[in-house]
Amino acid sequence: MKHFVVLALIACIYATSVTEMTDRLAQYGDHPFGKSMVNLVSVNMKTGGSLNELKQLLQQIKDELIALTQLQDSENATFTRRSQVDLAKLQATLEQAQADLDNQRQEQSSLSNELATLQTRVKEDQAALDRNSRGSGDAQSRLDAENTDFSAKYQDYSDAILACKEAQRLLLNLRGEGASLIQLTQDTKSNLLQTKENFQKIKEILEAHTKKSSLTLFQPIIEGLAEMTTKVNPETLNNVLSLVARLITALQEGQDQLEANHKTQVENLSRLGDDLRNEKQTLQVSLATANNRLKEIQSRLNELDGLINISNALVEVTQLNIQDATKINELEDSEYSNQKVSRQTEIDIVDRLIEYINQKLSE
């Protein structure tokens, strides 16, 4: 009977203790850790375990919880530092990729402008080269025509001078026979007629390029020769000889002037040809340089297209990596905060139980 009374008393004390502990942990509701700790203490008290040992066990659990909290704090701090470093690296990579992209696009724009300018320059140089070729051909044609024309005119002068000297010889021979000769031999008359005809032909040939002052001498000579075919008039003979001498001088001057003009014209055309050749060389060098630069620019533009695509891809990937890293950090921060709150709740629960055990030990 006494045994049953003791059991009833223990049961009553146990029930009271559980109620007290439940009241102390009321604010934690149905927290799983709180329930397990209440069960631990309840079982210990139900089986008559030592409160001091129970207190030590609770204190050990608390120390482990504090150590675990500190470990989590340390791990979180390490993770945070690494995350910040990783994000900083990603951000630096992003900034560098964007800077590279901007530089590549600026270079692309600059090269495109230079390309357009060079293409215009190539067209202009090619057009100038075409004009130069036409000018060179025209200058050569003019030089060829000048040489041909000069040769013909120079020969005309030479023939005219030779004819004049032959006439002069004939007339001098005639005058040497004596001014008293009235009748002419048939040969002399024939020579005079031939000389007259030659002067008429020379006059016609040289009319286009002989000084007018020279041309005015032909008609009196021809008329004088015509007159002497019937009789020799010393005055007419001397007058014709004088005119022939003047004509020879005038023709020689004309030939000399023709040669001087020809030399000047050849020099001018040769200088023009040299200038055109020098211009051609300059244009060819300019054109070759421009074409080479065009090839370089086009090659670089093709390279830049690839680099820009790579930079664009790197920017996009890095932005996605930053977004992912930021989300992971946010999730880690949220999980760490939840764990910290949960761990502190567990520590609070253990503290309340320790307080309860201390209270029991002091009763």
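Cβ atoms here come from the backbone N, Cα and C positions, even for glycine.
Marked as signal peptide by TrEMBL: 1-15.
Annotation source TrEMBL lists coiled coil at 51-121 (among others).
Residue counts for the region 'Disordered' (125-144) under DSSP (helix as H, G, I; strand as E, B; rest coil) come to 20 helix, 0 strand, 0 coil. Summarising the annotation, TrEMBL assigns region 'Disordered' to 125-144.
As annotated by TrEMBL, coiled coil applies to 280-307 (among others). Long-range contacts of the coiled coil (280-307) within the same chain, counting only residues at least 6 positions beyond its ends with a Cβ under 8 Å from a Cβ of the stretch, are 100, 104, 107-108, 111-112, 114-115, 118-119, 121-122, 125-126, 128-129, 132-133, 136.
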Fill in: pLDDT averaged over the residues of the coiled coil (280-307)
91
